[in-house]
Amino acid sequence: MVPFAGWSLPLYYEQGHLQSHLHTRRRCSLFDVSHMLQIRVYGRDRIKFMESLVVGDIAELKPGQGTLTLLTNEKGGIEDDLIVTNTSEDHLYVVSNAGCADKDLAIMRGRASELQAAGSDVHLEVSDNALLALQGPSMAQVLQAGLSDDLAKLSFMSSITTTVFSVPGCRVTRCGYTGEDGVEISVPVGQAVELAEQLLGVPEVWPAGLAARDSLRLEAGLCLYGNDIDETTTPAEAGLMWTLGKRRRAAMDFPGAAIIMAQVKQKPKRKPLRCAHGRGRGWVANPHSPLCVSTSPGTVTSGCPSPSLGKNIAMGYVETSHSRTGTALTVEVRKKQHPALVTKMPFVPTQYYMAN
């Protein structure tokens with residue numbers, strides 16, 4: 001167990017990190033991610049409120065549809081990455097990172113107060129639900145046994161409220177942080193243990209901890225807030241301009257829009273490397289490890305041995321002119337230089353499910 005953002009979280013279980021990681025890729029694992037902040041946004045001006053904070057086109061979301069978006073500041077920096085869902089009920093459902101929970105809540109409450117003072121109808125409710133993530137290729141088979149709804153109709157980034165293994169009032173969203181087909185289940189806190197025990201009672205399902213979650217997301221080329229992106233990194237610099245809706249780009253009505261869109265025209269001098277992999281197994285890059293291409297310096301932001309590939313992998317930033325796939329570079333680990341190679345993203349192909 002390790003401390004994280006005021007919580008005590010499991011790093012790994014008895015199977016160990018390596019086997020847990022591989023089991024998730026091959027079968028199915030259950031992650032307790034209840035440390036994530038869950039917020040419901042109510043009121044007729046809830047979309048106006050959300051779009052005043054994030055870069056995504058929330059208005060275009062259909063009922064039950066969600067999107068990954070970025071909460072930005074006036075300098076264009078990323079305060080957090082969020083998943084915002086336009087529920088079929090009367091609210092937006094927002095999930096954000098535990099490490100940013102206090103900051104995000106303060107920003108959102110402050111903005112809500114400003115809009116309320118101007119006559120807008122918006123209010124926030126912090127959910128005390130637990131959050132369980134069931135991830136892996138056999139997820140659908142395991143979960144369908146406890147659902148009356150047809151899981152085959154639920155696409156990636158779609159969400160429904162349903163009963164899960166006799167536990168009513170659960171929000172099931174087809175998403176996750178592993179690159180595999182998976183769901184996150186927001187469950188009433190009083191029945192979270194009951195649901196977790198039922199899922200873990202299926203032999204196919206193993207419990208998994210933070211170590212596997214980190215190596216799985218890195219193989220999938222997914223950013224970790226605080227490592228790969230932060231409040232000093234803009235969407236343009238982070239290679240995340242795909243999160244900006246076309247309408248939002250034209251309107252330039254989100255925090256930091258002028259700075260971000262100017263960077264797009266100028267092209268950032270620094271570009272994210274997703275990804276670099278070691279040609280040997282002799283190094284493990286840690287955040288802040290120097291990353292070099294000839295005389296051009298860069299920085300590793302995430303790195304680990306890849307259980308799926310049997311080699312070391314890393315993400316980081318280098319000058320744009322040295323970010324082309326196939327570029328040879330070196331990574332400094334413990335004052336020794338190790339060869340690496342820029343490769344395509346992601347390291348391991350993602351398996352997100354899209355319904356017909």
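Yeah, the Cβs are placed from backbone N, Cα and C, and that goes for glycine too.
What TrEMBL says about this one:
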type	residues	note
BINDING	Glu184	substrate binding site
DOMAIN	1-245	domain 'GCVT N-terminal'
DOMAIN	298-348	domain 'Aminomethyltransferase C-terminal'
Residues near Glu184 (substrate binding site) in space but at least six apart in sequence (CB under 8 A): Val33, Val95, Leu131, Leu132, Ala133, Val172, Thr173, Cys175, Gly176
Counts of helix, strand and coil residues, the domain 'Aminomethyltransferase C-terminal' (298-348), according to DSSP: 3 helix, 31 strand, 17 coil
